[in-house]
């Protein structure tokens, strides 16, 4: 019993100390990292990859793209 407890605690500490996140976890902006070819936004919006982030944000196609990488906001058709 004690062996299992020690092993569990060791695994939890190792996981906590690495600071890694698993695929699919949300970032601060609430959009998951791109894992596959699914479009991350609702219909009618476009996906912007901000210059200071690794995750897409969803915005209206008429919004400014000045903060988007490549100055573009990708539509579902262009995804």
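From the backbone N, Cα and C atoms, a Cβ is placed for every residue, glycine too.
Residues annotated as disulfide bond in Swiss-Prot: 41-58, 46-68, 48-73. As annotated by Swiss-Prot, signal peptide applies to 1-23.
Residue 41 (disulfide bond) falls within neither a helix nor a strand when secondary structure is assigned with DSSP, and so counts as coil. In terms of Cα spacing, the disulfide-bonded residues 41, 46, 58 that come within 10 Å of residue 73 (disulfide bond) are 46, 58. Here the Cα atom of residue 41 (disulfide bond) is found 15 Å from that of residue 68 (disulfide bond). Cβ-based neighbour count (10 Å, all protein chains) for residue 48 (disulfide bond) stands at 25. There are 24 other Cβ atoms within 10 Å of the Cβ belonging to residue 46 (disulfide bond). Taking a C-beta cut-off of under 8 angstroms and a sequence separation of 6 or more, residue 68 (disulfide bond) has the following same-chain neighbours: 48, 49, 50, 51. Scoring each of the disulfide-bonded residues (41, 58, 73) by how many neighbouring Cβ atoms lie within 10 Å, the top position goes to 73.
Looking at residue 46 (disulfide bond) and residue 58 (disulfide bond), their Cα atoms lie 6 Å from each other.
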